[in-house]
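In what follows, a structure is listed as structure tokens, so that the remarks can point back to it.
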């Protein structure tokens, strides 16, 4: 008899709902596979930008999210609405923002090639300069990220912008940094 079996994804989400909100916010469905399949719940906001050496696939199952992206040195918002999918190429700096309570997204990414490092970057809210960058061999999003964030939040020197001297706020973004447009038609322009 085969040990392989399908399962009801919605039932799995319902059973893990308590983990899909702060402070945990996300759960990997399978461990020790060549794919990181992660379910992420909102509300969840962060101030870092991820430099991922591999592609990421986003599917927004419930609610809306904003993926802040840095392209050509400029930050802009990419709205991923309920039911939308998005494919992010490697090394595009991005910061997933899920301000809606109860929102749920699925993020799938391949295992990193041997020795490939992920990086996490924080930018100055005043001058847009790079404040701090940390590189890591990422094995588990759920286990590996919290210590990286905590180290940055607690280190005032790491949070001081080398360009203008502004102190990065750490965990909490400035008010208004993340907004979901009221008029969803504005997304299409």
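Placed from the backbone N, Cα and C atoms, the Cβ positions cover glycine too.
What Swiss-Prot lists as O2 binding site is 46. Within the same chain, residues at least 6 positions away in sequence whose Cβ sits under 8 Å from that of residue 46 (O2 binding site) are 95, 96, 97, 149, 171.
According to Swiss-Prot, the Fe cation 1 binding site annotation covers 50, 56, 94, on the basis of sequence analysis. The secondary structure of residue 94 (Fe cation 1 binding site), as reduced to three states from DSSP, is extended strand.
In the structure as shown, the Cβ atom of residue 109 (substrate binding site) sits within 10 Å of 21 other Cβ atoms. Swiss-Prot lists 56, 98, 109 with the feature substrate binding site, giving sequence analysis as the kind of evidence.
Summarising the annotation, Swiss-Prot assigns Fe cation 2 binding site to 124, 127, 161, 164 and lists sequence analysis as the type of evidence. Under 8 Å, Cβ to Cβ, and six or more positions away along its own chain, residue 161 (Fe cation 2 binding site) finds 124, 126, 127, 129, 131, 167, 168.
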In which DSSP state, out of helix, strand and coil, do we find residue 56 (Fe cation 1 binding site)?
strand
Three states by DSSP: which one describes residue 50 (Fe cation 1 binding site)?
strand
From the Cα of residue 98 (substrate binding site) across to the Cα of residue 50 (Fe cation 1 binding site), what is the distance in angstrom?
15
